[in-house]
Amino acid sequence: MGIKGLARFLVDNAPKSIQQQSIDSLIGRIIAIDASMWMYQFLAAIREGSQWGNLTNEAGESTSHISGMLSRTIRLLEAGIKPVFVFDGEPPELKMEELMKRKERREKAQQELEKAQEEGDTETIRKQLIRTIKITKEQSDDVKYMLKLLGIPVIEATSEAEAQCAELCKEGLVYGVATEDADSLTFGTPLVIRHLNFSDGKFSDSKGNSKNSLQVIKLSTVLSDLGLSMQQFVDLCILCGCDYCGTIRGIGALTAYKLLKKHKDIETIINELDKNKHPLPMSFDYIKVRELFTNPNVIKAKEFRDKLKWTNPNLEGLSEWLIKQQNFSEVRVANYCTRIKKSKGKTAQTSLDSFFTLTPKKTSENKNKEKEITKVQEVKETISNINKDTRKDSVSEWGEIKTKIIETKEDKLDFERRNKIIQEDKLNSKKEFDYNEKLQCNSTAENTPIIDNKAKVLSIKKRRINRVNYDE
């Protein structure tokens, strides 16, 4: 179920936290996937009669969950994504009441289904069929076995898969979590990815090409836009309604948000509430629910640091299992294997391709900016070349000390040392010339010999060259 009304609330009140992105944004990323969510989608395909709806093995058991999971997983690999599948463990005690309600709803749906079948009401049949879906242990085991044959890591959570995914993401073992349930945010997932199904909507890239669209939600932006702390956000989700407790009548997401902004926490809100207008449900142990969200039963991420490994797929074992035990056609399996082989190493290649080819769409404004940038670069290059030429000329003019461009630290130190000698000699030379000119001005032709300036310059240059050679 997730958090009631949270998705719509975020769209209206924290729109900056939700971004539409192309699947190319996940190239090379490790993504944790809530496996049960995907399995539910493919089992629902049976009821809706889609492309996986009528697939069974020789025993008459549905294989739509296998076919759907295999096909979508290969699509992930072809897109350069590295998936990690996380499966649910034992549900927390606080969820038992919700699970009992779900069981009752399935039983009621089964009764409605039988009635609709008798009446031939196809629309009601379709709706009630979907409501009777329940993932079995055998179906989960099938998918786990298939993923291991593909060489993809599989994690079995101690309790809620979404809590385990959040732990992996918070500790940096995965980039984001792919799920459709909003309570992944409540467990503290920094980045939630929705619609990673290659079918929901399209996204136009910089070149105008239509690509599969993802919805990415950043928790940090959610909190900053709403002006809430993480604990206040958890309280907001509890008040909205979740799988672990009942809801307060008359309080939806927006009302809960306004109350939290005013009173800061659930405790104060409950004390200030008009109990006649907003009676508390029988099961509303918000303290335990808050603890479950903030400190869930998970395997610590450090346990997986050396275990999240992608191995070479066992294509022979996969083919044999699909053909002999699941009644897949040989042609179909051969096609799967070919795609898996081609996807191998896709991550590195697609990363390079995207780095060199993904360029912003050129508009008239962008073109003008590019021209300005080009002009600035040309000016910088011209100045740089002038500086280099000046440096080379000044050095060569004073004894051809160095003609190559300074490239290393040693070259730079050598250049500075030589240049210092040159500057000192220039200064001394100027002082000598000034002194000689002063002598000539203050002396008569009879008592002062004429100084040969040309000879003096040659003498200074010779002395300078000798000093440089000595230093070398």
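Heads up, residue numbers simply count up from 1 along the chain you see.
For all residues, glycine too, the Cβ spot is worked out from N, Cα and C.
Given the structure is predicted, the values throughout are model-derived calculations rather than measurements.
Cβ neighbour count for ASP34 (Mg(2+) 1 binding site): 24 (other Cβ atoms within 10 Å of its Cβ, all protein chains included). A strand conformation is recorded for ASP34 (Mg(2+) 1 binding site) in the three-state DSSP classification. According to Swiss-Prot, the feature Mg(2+) 1 binding site maps to ASP34, ASP88, GLU160, GLU162.
Swiss-Prot lists ARG47, ARG72, GLU160, GLY241, ASP243 with the feature DNA binding site. Around ARG72 (DNA binding site), the C-beta neighbours below 8 angstroms that are at least 6 residues distant in the chain are TRP38, ASN197, PHE198.
Annotated Mg(2+) 2 binding site per Swiss-Prot: ASP181, ASP183, ASP243, in sequence order.
If you look up Swiss-Prot, you'll see 1-106 marked as region 'N-domain'. Mean pLDDT of the predicted structure over the region 'N-domain' (1-106): 85.
Sequence annotations record features per position, and here Swiss-Prot assigns region 'I-domain' to 124-263. Sorting the region 'I-domain' (124-263) by DSSP state (H, G, I as helix; E, B as strand; all else coil) yields 65 helix, 24 strand, 51 coil.
Look at Swiss-Prot and you will find 348-356 tagged as region 'Interaction with PCNA', backed by sequence analysis.
Cβ neighbour counts within 10 Å, taken over all protein chains shown, single out GLU162 as the most crowded of the binding-site residues GLU162, ASP183.
In the region 'N-domain' (1-106), helix, strand and coil residues by DSSP number 58 helix, 18 strand, 30 coil. GLY241 (DNA binding site) sits 21 Å from ASP88 (Mg(2+) 1 binding site), counting Cα to Cα. GLU162 (Mg(2+) 1 binding site) sits 9 Å from ASP181 (Mg(2+) 2 binding site), taking the CA atoms of both as reference points.
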